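Feature annotations, reproduced from TrEMBL:
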type	residues	note
BINDING	Asp222, His224, Asp295, His478	Zn(2+) 1 binding site
BINDING	Asp295, Asn335, His443, His476	Zn(2+) 2 binding site
DISULFID	Cys132-Cys143	disulfide bond
DISULFID	Cys237-Cys242	disulfide bond
DISULFID	Cys243-Cys266	disulfide bond
DISULFID	Cys403-Cys450	disulfide bond
DISULFID	Cys604-Cys608	disulfide bond
Amino acid sequence: MKRNLVSLVLPGAVMLSLVLLQTAPVQGDRLQPKGYRETVEKLQKFYVQFEDKVSREFRRWKEEGTMSQHFRQLIQASAINKHERAQEIRELPTAREGPLCTICRGFGGSVLEFRREGASREEVFNTTVELCTMLNLQEESICRGLIELNIDPLLYIVDNRPDLSSASLCAVVFQSGACVLDDPTFTEWEVDVDPNGTPVTASKTGAAQRGPNDLKIVQITDLHFDPNYRTGYNAECGAPACCRESQGVPDDAAAGAGHWGDYRSCDTPWNAVENLIDRVAEEHSDADFVYHTGDIIDHGIWETSIGYNVRSISRVIGKLRETFPETPVYNILGNHEAHPTNVYELGEISRPDFSTNWLYHLSADLWGHWLPRAAEQTIRLGGYYTALVRPGFRVIALNNNDCYTFNWWILYQPDALKEQLQWLHDVLLQAERAGEKVHILAHLPISSDCFSVWQREYRRILERFRDTISAQFHGHTHKDEFNVFYASENPEYAVGVAWNGGSGTTHTNVNPNYVVYYVNPDTYEVTDFESYAYNLTSANLTPDQRPDWFRMYSFQEEYGLANLSPAGVDELIRRLGTPAGRDDLRRYWEYKVKLGDASLANDCTEDCLLNHLCEIVTNQADDLRKCQELSETFFD
């Protein structure tokens, strides 16, 4: 994505407004402090008390037409800091989990109750806009835009799920340990997994190092093209997306957008999109395939429309088709491609205006140039597909945006998430029987913002087919990073690795990049990858010249691994988790932010470095075992 969101949750009916986006890197903390569980138990009682208090004051407000002084004080005490608007929820410190869940439960619960007692759409809209603004979730205009786009599906869900509680709603969206999810509707479903797999008794080993006959695959991701980007316009506007025509030219020239992009909350001008794609074609004309892993649409999430999204998607895919007419390009959808942003239809919904079919049909038409006709059926059904690339090698392209915790439809019919996962399982089973190796493309990293039950079921599938799945490729986070998967029952064993391609956008505080992977032609395992970037500061000093792209690093050269198998990368992780590996870990973080000047200026403390290490090994929201294990050796 970007990544987006710190969306705090406004209300039940409209917790909409907050899907904001990430901005400057934040030192979130994966480790739970001592006494965390006891604190969470106490919080559960406090939430109920706070909900009751807010409910009484809310009712009084609606009955009398004015807010009491006490209610204003409650709102003022609950208001978030402006800098939190721009952070991913998962990047916020653990200490903020309870307060944010409290805001959601208290004010969200009142709006939920308000609707169920007969409030009209207009009444809910006006109420949530006012609360969104007073709670400082966003500026009023953005609150208004986000709520207008999201209110109808949210009201539909509330009206048709009378058993949906504020506790469940907040637990799904926040997915933190402080927001407990104890509703079996959300948790008691699972994929039917073939029982003939072998137990995990060792880490998965892999191919030798990079060889002369390796395949070459380029990953482009998170371009976030903004057709409203204007050089010199306000880059410090305070909105989820700045540098836009409607935001004007700032008095201070230093606050103006750069020609090739901007480190602040700004997306990608067309000239930078073209440059990245052209650079790939010019410098890597021998690439066998291109993986394009989603998020074409910009972060102007409060003012999207179907027509707007169609135009941007068509322009970018058209550029890819023009540039790679003969090189296969495997595309997937990002969370920003939907309208409203993040909202992918799930379950049996009676409102055709909520359908995501417009996006699926568009994708089938635009992607068809590179795909077999058989792939069209599932693209039109749900935006996912599989294709046999060559005998013995298959690509599975998921639309896992359905599992994003800001996809409101999870609240409506959570077990509908099973459908695509079951399809994934069944395709892998067929691939296993045919002796094929598989690459899985998914926009959202499994560890990043996916609903925890979906994460649980994906891990079951990965473990079962670990010998068939040779590699996984993700986007969304805008970071040059990777994730290692460990067996659920035997977490000492590594069973898979997922690589993240970073982003074409500089949103936020990162340089643009793309990644070139080298893949063994027999096992289809990644043997090495090289990440390419340009320095945005330097590029903007010479707007009339093309950016100076450079090879940022080779993973194999940088870390000197025997191979990039799960077992090989696990050895690296264990080294990074010791004082002796601190320099390597710091270098990993520098490459993760793609040597972005703005990020490097913020630095990363040892606690920050430990958090980034934990992010590598955490694949399920409620499973912190590997993080805890690494923390025990980190400061030895």
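Cβ atoms are placed via backbone N, Cα and C, with glycine included.
Unlike curated entries, TrEMBL annotations are predicted automatically.
Of Cys132, Cys237, Asn335, Cys403, His476, all annotated as recorded positions, the residue with the shortest Cα distance to Cys608 (disulfide bond) is His476.
Closest to Asp295 (Zn(2+) 1 binding site) by Cα-Cα distance, out of the recorded positions Cys132, Cys237, Cys243, Cys266, His476, is His476. Taking the Cβ of Asp222 (Zn(2+) 1 binding site) as centre and 10 Å as the limit, one finds 31 other Cβ atoms among all the protein chains shown. Fewest other C-beta atoms within 10 angstroms, among the disulfide-bonded residues Cys143, Cys237, Cys266, Cys450, are seen around Cys237.
Set side by side, the disulfide-bonded residues Cys243, Cys403, Cys604 differ in how many other CB atoms lie within 10 angstroms of their CB, and the most is found at Cys243. For His476 (Zn(2+) 2 binding site), the count of additional Cβ atoms within 10 Å of its Cβ stands at 30 [all protein chains shown].
For Cys266 (disulfide bond), the recorded positions whose C-alpha atoms fall inside a 10 Å radius of its own C-alpha are Cys242, out of Cys143, Asp222, Cys242, Cys403, Cys450, His478. When the recorded positions Cys143, Cys237, Cys242, His443 are screened for a C-alpha within 10 angstroms of the C-alpha of Asp222 (Zn(2+) 1 binding site), the residues that qualify, in sequence order, are His443. The 10 Å shell around the Cβ of Asp295 (Zn(2+) 1 binding site) contains 31 further Cβ atoms across the protein chains shown.
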